[in-house]
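As written in Swiss-Prot, here are the features:
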- Ser94, Asn110, Val111, Arg112, Gly260, Gly261, Arg262: substrate binding site (BINDING)
- His98, His108, His147, His177: divalent metal cation binding site (BINDING)
- His108: active site, proton donor (ACT_SITE)
- His177: site 'Important for dimerization' (SITE)
- 242-277: region 'Important for dimerization' (REGION)
Amino acid sequence: MNTPDIAQVKRFLLNLQDEICQKLEQADGAARFAEDSWQRPGGGGGRSRVLRQGRVFEQAGVNFSHVHGDEMPASATAHRPELAGRSFEALGVSLVIHPENPYIPTSHANVRFFIAEKPGADPVWWFGGGFDLTPFYGFTEDAVHWHQTAFDLCLPFGAEVYPRYKKWCDDYFHLKHRNEQRGIGGLFFDDLNAHGFDQSFRFMQAVGRGFCDAYLPIVERRKALTWGERERDFQLYRRGRYVEFNLVWDRGTLFGLQTGGRTESILMSMPPLVRWEYDYQPREDSPEAALYRDFIVVKEWL
């Protein structure tokens, strides 16, 4: 079947949210997700889940949303002007994980489906998503594992898929005002529809299911490492870059706010604690300097 099946996508996304939350609870070993179901006045709603003050995760949020409306927001029509005048539905699962231990990276993943329709015209639809990793202290084996998992899940869909979406991720998660990468990248894709609904949906499923395979082994490797005030201060400083990107550059944040989405859920990606420091410079040859020099730069990890 190559006509879009919104109900099938929704079933997958709800199950994916359940699976990821269960695996994160197992990895944390103490805290549980609290669920908050909500309705959007303009149409649709969602299921927000947040885990706080766990043994491993300071905060983890895993959101499902399914929103619809009669008119496209400016953030979408600017990107695709042919969508003006169409009604829309947008479904997705989005997650951000902020560990307490600075040696465990922050991670983000998102998978989504979008369809816009108007009478007398074919629907315009696509899939998007990806996952990316933001370490504070870099470990080459973690970066290689992260990218190897991404490569492996892409390979059944074509040898060109990983390099294309790896580059797109590097380009997207770039803080232009700092001329810095947000992290070590991963995968980012959008506007995916060229191979038909079934094939595009299969790829989105592979990315959604691949996230835990990419992230949780890193959590297990790093969660027992001891850390102190120095590492925590640097983690909180680097979290500031996460905030800057999400509020200034992220298309998903802008889309959510412009469509009247639920602000608490949209800003769930924000770290619970963060700090800024004027003109911070890491000490030369320190682990902090190595992050800038060796990790948050565009490079081939495989």
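Just so it is clear, glycine is given a Cβ too, placed from its N, Cα and C backbone atoms.
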Worksheet entry | His147 (divalent metal cation binding site) - helix vs strand vs coil (DSSP) | helix
Worksheet item: C-alpha of Asn110 (substrate binding site) to C-alpha of His147 (divalent metal cation binding site): distance in Å?
Response: 16
Practice prompt. Find, among the binding-site residues listed as His108, His147, His177, Arg262, the one whose Cβ has the highest number of other Cβ atoms within 10 Å in the structure shown.
Written response: His108
Fill in: Within 10 angstroms of Ser94 (substrate binding site), Cα basis - binding-site residues out of His108, His147, His177
His108
Response to the item:
Cβ proximity for Gly261 (substrate binding site), under 8 A, sequence spacing 6+, ordered by residue number, returns Arg40, Ser65, Val67, Phe255
Worksheet item: Counting each residue once, how many in the region 'Important for dimerization' (242-277) are helix, strand and coil under DSSP?
Response: 22 helix, 0 strand, 14 coil
Worksheet item: For Arg112 (substrate binding site), what is the tally of other C-beta atoms lying within 10 angstroms of its C-beta?
Response: 22
